[in-house]
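> Supplied in structure tokens, the structure appears directly below.
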Amino acid sequence: MEHLLIAPWLLAVLFGAVAFLYSSVGLAGGSSYIALLTIFGVDYVAIPTVALSMNIVVSTLGAWNFFRGRHVRPQLIWPFLISAVPLAWIGGTVRLPARTFDILLMIFLAIVALRIYCFSSFQPLTRPGRRAALIISLLIGSGLGFISGALGLGGGIYLIPLIVLFGLGSQKEAAACAAFFIWVNSTAGLAARLTSQPMPPLNVLLPLLLTVAVSGYAGSFLGAN
């Protein structure tokens with residue numbers, strides 16, 4: 001990250017704003033961290049590592065606040081987690097060519113934009129039985145886990161609407177589930193990446209982590225209460 005096209009302190013301010021806004025709805029902001037890092041000239045190889053690090057900090061605090069707010073439903077969360085972890089690890093070991101990474105990133109960021117600006121609210125389309133709900137959860141967890149590890153996205157921004165649309169949980173339960181899901185996904189993906197590449201310099205990474213920690217706690221506290 002030595003060739004940043006922006007002052008590090010200003011990048012920290014932008015990251016803090018992202019963390020506050022996203023954490024209020026159970027998210028960590030991975031898609032926006034990636035977009036900002038791409039815009040400001042960070043090497044694509046380092047982008048997922050930085051984004052996953054931010055995700056871990058923000059989602060840890062978010063999970064705690066949503067747990068304290070009594071929105072956590074373990075039976076909703078566990079199928080997503082057990083299916084996501086191995087796929088997030090596999091995704092984290094994948095080294096995509098630069099062009100492939102850019103194309104996939106544009107596709108998934110476009111989906112994020114559609115999700116935010118065109119589909120901000122959802123109503124359940126169905127109420128699946130227990131077995132169907134389990135299968136749906138395992139499939140969603142696997143797919144989003146791989147995407148998380150490979151691109152550095154936490155996956156929560158896709159998970160929340162899917163939980164609501166498939167009638168698996170309420171909006172608050174989905175937000176709580178997303179916070180845990182992002183934490184597990186990001187931890188597995190980052191651990192896999194660190195087996196073959198170093199962390200970015202601490203003098204750049206630490207201010208970003210501290211900023212998103214403060215902002216993420218504040219945002220998730222407001223969102224969970």
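Just so you know, glycine gets a Cβ as well, placed from its N, Cα and C.
Features from TrEMBL:
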TRANSMEM  33-64  transmembrane segment
TRANSMEM  76-97  transmembrane segment
TRANSMEM  103-122  transmembrane segment
TRANSMEM  134-167  transmembrane segment
TRANSMEM  173-192  transmembrane segment
TRANSMEM  204-224  transmembrane segment
> What stretch in 33-64, 76-97, 134-167, 173-192 has the biggest tally of Cβ pairs under 8 Å against the transmembrane segment (204-224)?
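Highest pair count goes to 33-64.
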> So which residues does the transmembrane segment (134-167) touch in its own chain, when a touch means Cβ under 8 Å and the partner is 6 or more beyond its ends?
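For the transmembrane segment (134-167), the far contacts come to 22, 25-28, 30-31, 33-34, 47-52, 55, 59, 76, 79-94, 96, 101, 104-105, 108, 111-112, 115-116, 119, 122-128, 173-175, 177-179, 181-182, 185-186, 188-189, 192-193.
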